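Annotated features in Swiss-Prot:
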- G239, P240, T241, N242, S243, G244, K245, T246: ATP binding site (BINDING)
- 226-365: domain 'Helicase ATP-binding' (DOMAIN)
- 390-546: domain 'Helicase C-terminal' (DOMAIN)
- 1-25: transit peptide (TRANSIT)
Amino acid sequence: MALVKYSTVFFPLRSLRLFVSIKKAYYHSEPHSIDLFHDKDWIVKRPKFLNLPKNEHSKLDIFQFNFNKSESNNVYLQDSSFKDNLDKAMQFIYNDKLSSLDAKQVPIKNLAWLKLRDYIYQQLKDPKLQAKTYVPSVSEIIHPSSPGNLISLLINCNKISNLVWKSVLKYSLSNNITTLDKFIHVLQQTFDHVYEQEILPMMTNTDDTDGAHNVDITNPAEWFPEARKIRRHIIMHIGPTNSGKTYRALQKLKSVDRGYYAGPLRLLAREVYDRFHAEKIRCNLLTGEEVIRDLDDRGNSAGLTSGTVEMVPINQKFDVVVLDEIQMMSDGDRGWAWTNALLGVVSKEVHLCGEKSVLPLVKSIVKMTGDKLTINEYERLGKLSVEEKPIKDGIKGLRKGDCVVAFSKKKILDLKLKIEKDTNLKVAVIYGSLPPETRVQQAALFNNGEYDIMVASDAIGMGLNLSIDRVVFTTNMKYNGEELMEMTSSQIKQIGGRAGRFKSRSASGGVPQGFITSFESKVLKSVRKAIEAPVEYLKTAVTWPTDEICAQLMTQFPPGTPTSVLLQTISDELEKSSDNLFTLSDLKSKLKVIGLFEHMEDIPFFDKLKLSNAPVKDMPMVTKAFTKFCETIAKRHTRGLLSYRLPFNLLDYNCIPNESYSLEVYESLYNIITLYFWLSNRYPNYFIDMESAKDLKYFCEMIIFEKLDRLKKNPYAHKPFGSTRGHLSSSRRRLRT
């Protein structure tokens, strides 16, 4: 085959065109897909071995580690027990991972072996290795994901109790467990990590990747082979708001040994977690930002877990999984999480709670998967009425128990200030960028009667218990990110249905009733039409390939392909071949996040996929902080949140009355802190000192609450939405002095 030299790499002549396409796509403002699925002769890009002795590059069956006299000050040479265990474990790994391979697998696994040894040499040569102060977490023991911390993990593996180790290794309580057993487990897992995340993504598309490309990318049901091995029972609980759907599903969940509640918000996951514990039912909590394991005296986790839908362990076996708000599977941004969970959870029963609009879509999916389907329909527990006329006298016509709905922070805070100025009513507020804890506080003040009126966005549509008598729509239009659009009947029903939902029975003993109205006749007419409209059935489920499938597909791309190009190409290929049942998740927000770290070459491909799902709010202060966090991952540093140059000096009680520090600054700080928690759960070796982070989070929540309570003027009245640049730069100047 003819070869063309490009820099120091030789490419097949017929592949040069695609290489140039990649270079163009990489530097273009918008990532372009490239036609790679039919051109697969790529040259392997070998990993670099900067610390491995040259004589070991070709000779593989070496299990010991060799150092010169100047490098003798390391644990391997000074601790004979450590040396003996490491040598024996390395020999075991070699025999287990390399000796029994067929000829096609050998070259790739050899590279993983050499890279593993290179990591070990690098750390043993490091005089600044802070191994003795390092305390590994249980998650690091189970699935080590940071080869750069391997030696520290081995040195400190005995800090994890043997009971936990026996659970990890599936030893019986009567069996003894040795340090060598622990070394072997950690090294096996680290070898697999290096092989799958660092070596495979650089390989050619050949048969030596264990059938990685056999997955049918055009059929999402086949992405989850474990779920296809069993015939699951899908049980639907469908009905309007306040019909008891989720309650019935949770009753079933309580009765089993292994189960998962998957909610749309961490606020809801926490609510179920707290409810179970109040009923003396053991339960774990699993959200992107918070993980709480309910352990018994022997270190065994509870069988039930409450969490967010994105965190569902797809391949873990369950008796019951509850997917709440299943109609969210059509959401362009997050719908993939519901769709993938429905297709992929390995559970005897899968309970789906949601609106009737999703029924035909679920029927089609269940027909595709071959599962059994049972449908339970429920009616609303209370009455819901649309008032005949709009409210007289505008704001002065509001009464205690009303919830006024608006769709921007500026409008919501304008309404709060105007209502409190023109009436004697006290106003609580809820909108999407408020911390969940603050939303709970505001809801509690409204529910217990301390505050009279609630002014809120569509954030009240799910996740909060609110004792609303009447929902008052200020408009029937909502900005969708690109243009102002009329709200769908489903959206109006979801919000309007909150009226009367958590009210007790009326004084006369009748069924509790909720009301819907508006300030304007035109809006009220539109709302009534939507409430009375027939069900709008959802037509497509939003999906996206798992990180594992994306990684398998990456082996079909040449080395150095930007992550954004890979994702765009997958999206385009699926759109071409997929039927109308599934559609692809909107890439805009994902690509915007990827753009913050894509240039960082030291972040492995798998980590880039993981980071593309980070909850990064589109606020200048937040995106800058996330970029700094990604640099920490790229450099494999260990840092606490306070070590970053961020304006945490504003988390001071004296700043509360200072109106130059707006709510938005504190909302940005809060999002940075929760982003740090999200990263710490995935990179516990890099992001540490969670106690300080928890304190900062608490202070931030407190100040936001106080800022709302003392609000005298709207901080969004005279500046573009989302701008925190002025506050950030002035705060940084203070931090430098």
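Count begins at 1; order follows the chain as displayed.
Glycine residues also receive a Cβ, built from the backbone N, Cα and C atoms like all the rest.
Across the residues of the domain 'Helicase C-terminal' (390-546), the predicted structure has a mean pLDDT of 88. Comparing Cβ neighbour counts within 10 Å across the binding-site residues G239, P240, G244, the minimum falls on G244.
Counting every protein chain shown, 20 other Cβ atoms lie within 10 Å of the Cβ of T246 (ATP binding site). Each of Y378, R380, L381 belongs to the same chain as G239, P240, T241, N242, S243, G244, K245, T246, is absent from that list, and has a C-beta within 8 angstroms of the C-beta centroid marking the ATP site. Other C-beta atoms found within 10 angstroms of the C-beta of N242 (ATP binding site) number 21, with every protein chain shown included. In this view, K245 (ATP binding site) is surrounded by 25 other Cβ atoms within 10 Å of its Cβ, with every protein chain counted. The secondary structure of T246 (ATP binding site), as reduced to three states from DSSP, is helical. A C-beta separation below 8 Å, combined with a sequence spacing of at least six in one chain, links S243 (ATP binding site) to Y378, E379, R380, L381. Secondary structure of the domain 'Helicase ATP-binding' (226-365) per DSSP, as helix, strand and coil residue counts: 54 helix, 39 strand, 47 coil.
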